[in-house]
Amino acid sequence: MAPYIPQNYLPNLKKYKYQAIDKSFISKYVLAEYWNQLVKIFPLTMAANMVTLLGSLHVIVAVVLNQIYAPNLVETCPSWVYFAYSVCIWIYGSFDAVDGKQARRTGTASPLGELFDHGCDSLVVSLIMILFASTCQLGETWWTVALVFFALTNFYMSTMEEYHTHILFLGYFSGPVEGIISFSLSTLATGILGPEFWATSAYSLLPLPAFIVDMLPPLTIAQSVIAGMGVMLVPTVFTSFSNVAKACREQNKSVLSAFADAIPFFASIASCSMWLYASPEIRTQHLVVFLMFVGFAFSYIVGRVIVAHVTGAPFPKLNRMHIPIFFGTANAIAPSIGLAKMFDGPNELVLIWICLAYTAIQYAHFALEVIDTICTYLDINCLTIKKKPAANEAKKSE
């Protein structure tokens, strides 16, 4: 098996410099001082990646609670569960915001930090969307699918943009800041008001005449939020492509070739949608398992892009994580072209569990191998701060 980081690209790790632009007013004028004070609670002996990991584990705790109390994403949870969601996601977002500060405090900033941070973020983004779907009681529906796929698309486009521009761009409204705040406040409000709030007609919040409301399609508050995300995603994707095109022209690179880098991702999203359309029982009965499988596949795909970014390697396109996605889709649509399914009925659920196991194991192998390679080359530890060799003591006179 070829290494995830070829030897000839390892020297680029020492040349890499993280660059970011954050236009968020909330980051600058509201949360900046909070983050500056929060980072001080962590001892200088704690590695920044440990801060990242501890924050991400809070999302796992919330997901475990969700699977206990609302496994089908429609059940009403005790109020304290929604409060727990709010606290867990707020802690995750806060720790995610200060891990870089901790790295600078301890003098341990490295390309591994960006890779570890983005890797954790890519893993939890779909989980957070599943939690939000459960909070809104969207159930195993196309609305939940859209919610997750919109978030994955936004994340992927941001990562692709960073690869080509060498700058992480966070706009006036970004997932790591405003998205986390919105989720925390939404789940807090749900704990107080109850999830029934989300099923209220969205038009009840607007001073619209009755005859206009009658002409509009039925839309709940929860559905209007997702529709709004879809609308906002269009200019976000357009801006990412525009920034990529500008960077390519400045670097005398092919714009069309850079745009083509997005084709495998969008093909994967389309393929997963086709799979769910062709197998409605999967979407209506086993959607959470399916989305977890997709989440691992997505994290691997994004992880390969981030590794290429910090090492200056060519942009990764198709990889082994696309295999289960395209195979599963081919199996699902086989009857529409006159062929028999290899995995039909209950066996298709077995296939999804196999895909989940495959993607989880493959992602774990990728993460551990990349971490080991970078730690070995840069002579650092991942979750602890490696002590520097003490200076040689002066020879004592006899």
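Cβ coordinates come from backbone N, Cα and C, glycine included.
For 47-68 (among others), the entry in TrEMBL reads transmembrane segment.
Marked as transmembrane segment by TrEMBL: 80-98 (among others).
Annotated transmembrane segment per TrEMBL: 169-195 (among others), in sequence order.
Below 8 angstroms of C-beta separation, residues 136-138, 143, 146-147, 150-151, 153-154, 173, 197-203, 205 of the same chain, each at least six residues beyond the ends of the transmembrane segment (215-234), sit close to that stretch. Per TrEMBL, transmembrane segment is recorded for 215-234 (among others).
Remote same-chain residues near the transmembrane segment (255-277) are listed as 142, 145, 149, 152-153, 156-157, 160, 163-164, 241, 244-245, 248-249, 283, 287, 290, 294, 297-298, 301, 315, 317-318, 322, 325-326, 328-329, 332-333 (criterion: CB distance under 8 Å, separation of at least six residues from the stretch ends). Here TrEMBL flags 255-277 (among others) as transmembrane segment.
Per TrEMBL, transmembrane segment is recorded for 289-311 (among others). Long-range Cβ contacts of the transmembrane segment (289-311) within its own chain (Cβ-Cβ under 8 Å, at least 6 residues beyond either end) map to 4-5, 9-10, 12-13, 16, 111, 114-115, 118-119, 122-123, 125-127, 130, 144-145, 148, 152, 155-156, 159-160, 162-163, 166, 264-265, 268, 272, 276, 282-283, 319, 321-322, 324-325, 349, 352-353, 355-356, 359-360, 362-363, 366-367, 370.
If you look up TrEMBL, you'll see 323-343 (among others) marked as transmembrane segment. Same-chain neighbours of the transmembrane segment (323-343): 268, 271-272, 274-275, 278-279, 293-294, 297, 350-352, 354-355, 358-359, counting only residues six or more beyond its ends whose CB sits under 8 Å from a CB of the stretch.
The feature transmembrane segment is assigned by TrEMBL to 349-368 (among others). Within the same chain, residues 4, 119, 123, 282, 286, 289-290, 292-293, 296-297, 299-300, 303-304, 320-321, 324-325, 328, 331, 343 sit at least 6 positions outside the transmembrane segment (349-368) and bring their C-beta atoms closer than 8 Å to a C-beta of that stretch.
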